[in-house]
Amino acid sequence: MHCERFLCILRIIGTTLFGVSLLLGITAAYIVGYQFIQTDNYYFSFGLYGAFLASHLIIQSLFAFLEHRKMKKSLETPIKLNKTVALCIAAYQEDPDYLRKCLQSVKRLTYPGIKVVMVIDGNSDDDLYMMDIFSEVMGRDKSATYIWKNNFHEKGPGETDESHKESSQHVTQLVLSSKSVCIMQKWGGKREVMYTAFRALGRSVDYVQVCDSDTMLDPASSVEMVKVLEEDPMVGGVGGDVQILNKYDSWISFLSSVRYWMAFNIERACQSYFGCVQCISGPLGMYRNSLLHEFVEDWYSQEFMGNQCSFGDDRHLTNRVLSLGYATKYTARSKCLTETPIEYLRWLNQQTRWSKSYFREWLYNAMWFHKHHLWMTYEAVITGFFPFFLIATVIQLFYRGKIWNILLFLLTVQLVGLIKSSFASCLRGNIVMVFMSLYSVLYMSSLLPAKMFAIATINKAGWGTSGRKTIVVNFIGLIPVSVWFTILLGGVIFTIYKESKKPFSESKQTVLIVGTLLYACYWVMLLTLYVVLINKCGRRKKGQQYDMVLDV
């Protein structure tokens, strides 16, 4: 006992020293600015900090590749499908078409005897259409439904403690006795909905799968996740490959689709190699039920800065598994399609909300670095502090550099994006990943200020979420983007004014013209390819019924 405690203390000290040393090392490399390669007039340079970032991308891609090889090898691994599984679907003001597709995909799941529990966040007449769709698709004679005035934590109008207790017991009994059940309950947010499903199921099943009501599951998705959990008893949770259902509906959903593939099949695949996936996404995840009930109450009652948390439910659920020392994994063999915002403002609000939960959970996650591989500490430091280094670089270039420095920065952003997307194209076997290089512009222009705004408003959760039946447009997300564009525009004007005081040399003019032409050609080429792709694939997708998950 004393020996284990001593080893734990040593690991805490070791991981803390490693994380601090890594951050100080990166900061020193950034401040010193040592250059390996440097041309005359600083037209091009490659320094220590750039070398570190390049090495990170290479190492991350390598481990992702190795993890995908492991996934392919496990494809032939036979398993006994004798463990009980329950699928929990969280629904809130869902688009009827998406909900119907979701439930139809649930009926096609190949895992035998899977229990389905859908909980609707809201019990008003306006929410009844979701229960009707559930009964229609799952079969009125094969499913149970219940309109609950309460939820497990709040009483409805006119309810007493006794009636609340009786109704809670009725919900639990209904869930346990039915193969498919739909519960409408008093509004309380997604976490309340998930809690109802977890609480009602109790310890009656071995594994709990989570799913959102806008998600279409691949028939083999449950089987593939069960396979991962069965292979290693120290794996507490596993997530699958989330693809975009409405990728051709707008430019923002298309770029999100390539970003999703990169996030899951490079970043999370790399994390999975070390058993420390940071977030098992809500559309497709599975947990050991025995672990789930060790922390479900603490997960529900999570507080931050004195307020109960109302977002970041899936990320905190993953962190709770990691906090117990269990591994979290990713498998590309389990797939699903899910809806993503097609309007820029709704996407921006979504990303801001996700950034809030990321930074909040980063602090919680740091307490468990010592229980996992050093890669978890390493990646947390790199991804957590990278936006701050990037902002410092941009402001410095735009206000203290030259016109060529700004142009070179833009070219470098696209070059790095092209290199990374080219590797992704090879790994996926699909040229569409080349458009990932366009996402880097979206990151620089919108995600970067959204992250800073998320930190500044991290304890505010009164905006950013809406159902899909009624889309709520919130313009507050434009504030940080507008401020960021003003800062950048001011830097460009200041640099041009400063440079205009001295006449450009002939060599400088040539470099600027060539650089501008290269940048313009890049955009013309990518935008042309985008238009061709949308005209070709967009029309085909409009008539597709999505009977199966397709990776196109």
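Using the three backbone atoms N, Cα and C, a Cβ is placed for every residue, glycine included.
Checked against Swiss-Prot, the domain name for Gly33 matches that for Leu533, so both face the same side of the membrane. Here the transmembrane segment (511-531) sits apart from the transmembrane segment (12-32); fewer than 3 CB pairs are under 8 Å, leaving out pairs fewer than 6 apart in sequence.
It is 8 Å from the Cα atom of Thr110 (phosphothreonine) to that of Ser221 (O-linked glycosylation site). Under DSSP, residues within the topological domain 'Cytoplasmic' (497-510) fall into helix, strand and coil as 8 helix, 0 strand, 6 coil. Annotation: Ser221 carries the greatest number of neighbouring Cβ atoms among the recorded positions Thr110, Ser221, Thr328 [cut-off 10 Å, Cβ to Cβ]. Counted within 10 Å of its Cβ, the other Cβ atoms near Lys190 (ubiquitin cross-link) come to 20, all protein chains included.
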